[in-house]
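Asks: I have a structure I would like to understand better, so I am pasting it below and will then ask my questions one at a time.
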Amino acid sequence: MDIEAYFERIGYQNSRNKLDLQTLTEILQHQIRAIPFENLNIHCGESMELSLETIFDQIVRKKRGGWCLQVNHLLYWALTKMGFETTMLGGYVFNTPANKYSSGMIHLLVQVTISDRNYIVDAGFGRSLQMWEPLELVSGKDHPQVPAIFRLTEENETWYLDQIRREQYVPNQAFVNSDLLEKNKYRKIYSFTLEPRTIEDFESMNTYLQTSPASVFTSKSFCSLQTPEGVHCLVGCTLTYRRFSYKDNVDLVEFKSLKEEEIEDVLKTIFGISLEKKLVPKHGDRFFTI
């Protein structure tokens, strides 16, 4: 596995040697704008693998994306290879309908230490919940970013990531009540601890998430990619584009219903993805917002 191939995949041409916050931010932003957050393997009859070699082949060589356990594993490898001080962490995703965090550790994120300051880096949440900059681990501090304001709080050695969102304007009236729209202005995202993890700690959950009928990943096919101004999402046959802050404190959210035969071209032109097997788009009833 060649780090230069990773840099080429994300379009990164700047310093490889400066292990500072600016470099870390640039790596994160290049990755989230080049590598989609997606689960299409499941809906093509293929598995979501955790081995680094398989992930590298899928994302770097075949120019696909992946879900958090894959894209953040790749990010962890790349940052470590560059020389950053990294720690793999595990998170518990907030289930909005149930109003509680997941009992299983289903999210992978990365801690990076720079000059005795700790940061959370996460390229694997996608949609409008995706951070665009590393978050310094300071409890109660607000982090205004392009997508929203992110907030980390710590209580009894557990950290919580929340988001304060803008209003949203949906010009297509057919979608103003879409179940894909986030209804809460204050959104809990996930919790985590600073206990170091290894990729093996996620193996059972990796299997569960792609096989259980209760999993959002089996319920919906999705693909999400950040842009310099917003984020594209494809959920089932519904294509959306959210432009952040198109007006003061308002996001513009555009919806379009696709015919199934249009999806292949949309995946290529918007997300840069060419699938080897036939995708069966799915939009089940599990909670998932864009």
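Any Cβ shown, glycine's included, is placed from N, Cα and C.
What you see is a predicted model, and the numbers here were worked out from it, not measured in a lab.
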Asks: From the candidates Y208, Y241, Y246, give the one listed by Swiss-Prot for the same CoA site as S103, G104.
Replies: Y208
Asks: Please state how far apart, in Å and to a whole number, the two most distant Cα atoms are among S103, G104, Y208, the recorded CoA-binding residues.
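Replies: That value is 13 Å for the farthest Cα pair.
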Asks: Determine, to the nearest whole angstrom, how far the Cα atom of D122 (active site) is from the Cα atom of I106 (substrate binding site).
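Replies: Between the alpha carbons of D122 (active site) and I106 (substrate binding site) there are 14 Å.
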Asks: Which residues, sitting 6 or more apart from I106 (substrate binding site) on the same chain, put a CB under 8 Å from its CB?
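Replies: Counting only residues 6 or more apart in sequence, the Cβ neighbours of I106 (substrate binding site) under 8 Å are G91, Y92, V93, F202, M205, Y208, L209.
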Asks: Nearest to C68 (active site, acyl-thioester intermediate) in three-dimensional space, by Cα, is which of the recorded positions S103, G104, H107?
Replies: H107
